[in-house]
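S.K.: Here it is, the structure, as C-alpha cells.
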Ligand code: HEM
C-alpha cells in the first residue's frame, strides 16, 4: 500500500526521465569495459570489424570460454603470447610464423621456446571459425590481441576494449632481434627500464605489465639462478625452501606457478607476493627492491582497482606497438604461414612507396 502511494506520488515527467536514462544507459558489458585508454594508433579503431565481421569478438570469446574450461593454462599462454608478439617487431603476429627452408621462426629463439603449443593451436582454430563466419577478414594479430583480452577477463581480470585493425607481417624477426627485445628473467629494473623505454613504455607500464605473472607457470631454468650456487638474499627463506623441492639441483626440468597465492586467478596477489619477497624471477622481485618501482608495487598490492585500471592502459598501449595497418602487411589465410604468392621482397604498399619517393624528390 505504502509502496503504491510512493509510486503514485512520482510525477510522470520524472518517470519519463528515468525511463529515458535507462534506455540510453550503456549495456552492462560496456560499463564493465569502461576504463582509461591510451591514444589509439592511427589506423586502429574499436569498431574495425563492425560491418565486415560483427560477430568477431563473440566468436573469439565463445571459443575461449570452452577452451579455457578444458585447459586453464591456456589463458596464461595467450596472455604471454601477445606480449612476445608485440615486443618483437610490433604486434604483427610474426611470432606465429613457422620456420621455412629460408627463414627461422621466432618460435625457435630461446625466450620463445616455452610458449605453449596450445596457444598457437587456439589462434589457428579461432581463425578457422572466423573465416567460416566472415571470410578472410580478421587478422591473426587482432586474434592474438582479442584472445589475450578474453584470457585476462576469463581468468578473473578486468574487461576492456581492444583497438582493432592490425595486419599481419610478411616476415618473422631475426633470432637476434627476438633475443634483444625480450628481457631475460635475470634482469634488474635498470635493464628492464632500458629495454622498455625503447618501445615507449615507462616504469608504471613495467610494473603493471609484469602483473601478467599473476597467472601461469615457469620452468626451473628461469629462476634457478636465485637458488644456486647461493640463495638470493632478497628471497623469502621459506619460499626458497619450497622452490628447492621443485628444483632441487641446477638443470632440473620442472615447473612451478608464477603466483604462489592465487596461481590461476588474474588478480593483484602477484604484488602481495613481491611484498613478501615471494616473487619468482629476479625481474619480478627487483620491482620491489628498486626504489623507482617499489611505490608502484605497493600501490597495486593495496588496490586491485588501481592495478586493473593501469593494466588495461598499459596492455592496450603495448598492444599498439608498431602495428601494421591499412595496406601494410596482409591478412593471413593460415596464421602460421605467409599467404602463398606474397613476396616479402616487395614493399608492403607500392602506392605508399611511390608517394614516399615523390616526396623525397620534392625535398
Ligand atoms: C618484464 C619482463 C618480463 C620477463 C623478464 C618475463 C619472463 C618470463 C619468463 C622467464 C616466464 C616463464 C618461462 C618458463 O620458464 O616457462 C614467463 C612466463 C609468463 N609471462 Fe612473462 N616476462 C615478462 C613480462 C611479461 C608480460 C609483459 C606479460 C603479459 C602481460 C607476461 C606474461 C607471462 C605469463 C602469463 C607467463 C606464464 C605463461 C604460461 O604459463 O604459459 N610476462 N615470463
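Glycine is no exception: its Cβ is also placed from the backbone N, Cα and C atoms.
The domain 'Plant heme peroxidase family profile' annotation in TrEMBL covers 43-339. Summarising the annotation, TrEMBL assigns disulfide bond to 53-134, 86-91, 140-335, 220-247. Residues annotated as active site, proton acceptor in TrEMBL: 84. Feature annotation from TrEMBL assigns Ca(2+) 1 binding site to 85, 88, 90, 92, 94, 106. What TrEMBL lists as substrate binding site is 183. Annotated heme b binding site per TrEMBL: 213, in sequence order. For 214, 259, 262, 267, the entry in TrEMBL reads Ca(2+) 2 binding site.
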S.K.: List, in sequence order, the residues of the same chain other than 85, 88, 90, 92, 94, 106 whose Cβ lies within 8 Å of the centroid of the Cβ atoms of the recorded Ca(2+) 1 site.
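M.R.: Those within range, site residues removed, are 84, 86, 87, 89, 91, 93, 95, 169, 172, 173.
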S.K.: Show, in sequence order, which residues other than 214, 259, 262, 267 on the same chain lie with their Cβ within 8 Å of the centre of the Cβ atoms of the Ca(2+) 2 site.
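M.R.: My list of surrounding residues reads 215, 261, 263, 264, 265, 266, 268, 269, 270.
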S.K.: Taking a cut-off of under 6 Å between Cβ and any atom of ligand 1, tell me which of the recorded positions 86, 90, 91, 92, 183 pass.
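M.R.: 183, in sequence order.
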S.K.: Here's one to test understanding: among the recorded positions 92, 134, 220, 247, whose C-alpha is closest in space to the C-alpha of residue 259 (Ca(2+) 2 binding site)?
M.R.: 220
S.K.: How many Å lie between the Cα of residue 86 (disulfide bond) and the Cα of residue 92 (Ca(2+) 1 binding site)?
M.R.: 7
S.K.: I need the nearest neighbour of residue 90 (Ca(2+) 1 binding site) among the recorded positions 134, 183, 247, 262, 267, using C-alpha distances.
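M.R.: Looking at Cα distances from residue 90 (Ca(2+) 1 binding site), the smallest one goes to 183.
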S.K.: Going by DSSP, is residue 213 (heme b binding site) sitting in a helix, a strand, or coil?
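M.R.: The three-state answer is helix.
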S.K.: If you measure the residue listed as 'active site, proton acceptor' to residue 91 (disulfide bond) at Cα, how many Å is it?
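M.R.: Between the alpha carbons of the residue listed as 'active site, proton acceptor' and residue 91 (disulfide bond) there are 9 Å.
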S.K.: Measuring Cα to Cα, how far is residue 140 (disulfide bond) from residue 88 (Ca(2+) 1 binding site) in Å?
M.R.: 15
